[in-house]
2 protein chains.
Amino acid sequence: MTSRTPRPRERGIPEATVARLPLYLRALHGLSERGTPTVSSEELASVAGVNSAKLRKDLSHLGSYGTRGVGYDVEYLIYQISRELGLTQDWSVAIIGAGNLGRALADYGGFGTRGFRIAALLDADPKTVGREVAGLSVRHIDELEDVVSDEKVSIGVIATPAAAAQGVCDRCVGAGVGSILNFAPVVLNVPEHVDVRKVDLSIELQILAFHEQRKAVGRRGPGWADALEV
Amino acid sequence: MTSRTPRPRERGIPEATVARLPLYLRALHGLSERGTPTVSSEELASVAGVNSAKLRKDLSHLGSYGTRGVGYDVEYLIYQISRELGLTQDWSVAIIGAGNLGRALADYGGFGTRGFRIAALLDADPKTVGREVAGLSVRHIDELEDVVSDEKVSIGVIATPAAAAQGVCDRCVGAGVGSILNFAPVVLNVPEHVDVRKVDLSIELQILAFHEQRKAVGRRGPGWADALEV
């Protein structure tokens, strides 16, 4: 996310709202899995970690206002948000880097059900090329341009070591890939028209650490809380 | 995140602010890597994907107000947020499940530098136990309770198949683990005092899909935008 170029508002939906829609969608999928038919804005906001006034405003951008005393229909709201995010069509994704992370991503069940099709997994290592991973045969990085063109890849997922990431990114962009999801611990430079998001897997751990710290302070008593403040 | 139990406010920092602090931290680390000494609230807000009034309010909870005309000192703000999140001390983490994802997480460079120490990687498969991953020897799941106690593990990362996740979670909680980070595609049930966060790796892809859709509509011209609305 650090390397994401700010873009102007598109069709009136603020960028910050777009960033929150997947959070609502994740919360809604959780409710749907538990068989919950409707959800209040307060409840959905609490699960998604935003305040309910903001949630109502965000959803109003989608033309979704809920029903007084009932709330939002979970399945319909999933459909509305998915449509808004473009998830009702399939997006073709190429994963570059078939190490542990690339293989884990190729094998990740969540993508297929969310509108993403892993079209190819590529690697530079001859020992890895040709191996079967999640039903795909790993292809050589030299085939990248052909893969992008043949499979109409619009999103490239970079799961290479840091040193290889910029080179791979440049080749993706050169081949016409419009969006890059970067798992490598580097900041990538891309032209203006390309979107980059950087994933930092430690973010969720950081939120948990906050709660652990508070719990630890609670066990030690209030005196320690002040001491830790210093 | 879907299975996270809402908790009361702790020391006056709203839960929604806590959830955004790691986003600011990620943005700040990006600025720091580029050697940027100060950042305005507008700039930081844009990179983190929130509006600047909200960012200023969030940071005011930390007692950080920036300097008019200069903005925030990047390194000092990193320190303040890290301290607030409890990242200035080391947290001991156990990863359960040494498949592709577990191995990728154990090998993930971002954890060590963010205040997390991977204390152990455990698996139930005898063929995996004893293998070396990221400098750790994979331990058998039956050693979980000893590992938690010996290594003072406070955060358990579940990277098992879905079917095994609840059982592993129960054992973590029974052993005294206070926080669970769940990568398995299931909703986990935990007692009130335990924090659970669920990671959905497809979230960032969903945001990119939104932009790809908008770009595609732009290429086809406004007439198509209306057609896609239906």
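Note: Cβ is positioned from N, Cα and C throughout, glycine not excepted.
Here TrEMBL flags B:23-62 as DNA-binding region. According to TrEMBL, the NAD(+) binding site annotation covers B:GLY97, B:ALA98, B:GLY99, B:ASN100, B:LEU101, B:GLY102. Under the heading domain 'CoA-binding', TrEMBL lists B:86-187.
Filtering of the binding-site residues B:GLY97, B:ALA98, B:ASN100, B:LEU101 by Cβ separation from chain A (threshold: under 8 Å) yields B:ASN100, B:LEU101, ordered along the sequence.
With all protein chains in the displayed structure included, the most crowded Cβ environment within 10 Å among the binding-site residues B:GLY97, B:ASN100 is that of B:GLY97. Taking Cβ pairs closer than 8 Å, the DNA-binding region (B:23-62) reaches residues 12-14, 17, 70-75, 77-78, 80-82, 84-85 in its own chain, all 6 or more past its ends. Helix, strand and coil residue tallies for the domain 'CoA-binding' (B:86-187), in that order: 35 helix, 28 strand, 39 coil [DSSP]. The average pLDDT computed over the domain 'CoA-binding' (B:86-187) stands at 92.
Under DSSP, the residues of the DNA-binding region (B:23-62) split into helix, strand and coil as follows: 28 helix, 2 strand, 10 coil. Each of the binding-site residues B:GLY99, B:GLY102 was assessed for Cβ neighbours inside 10 Å, and the highest tally belongs to B:GLY102.
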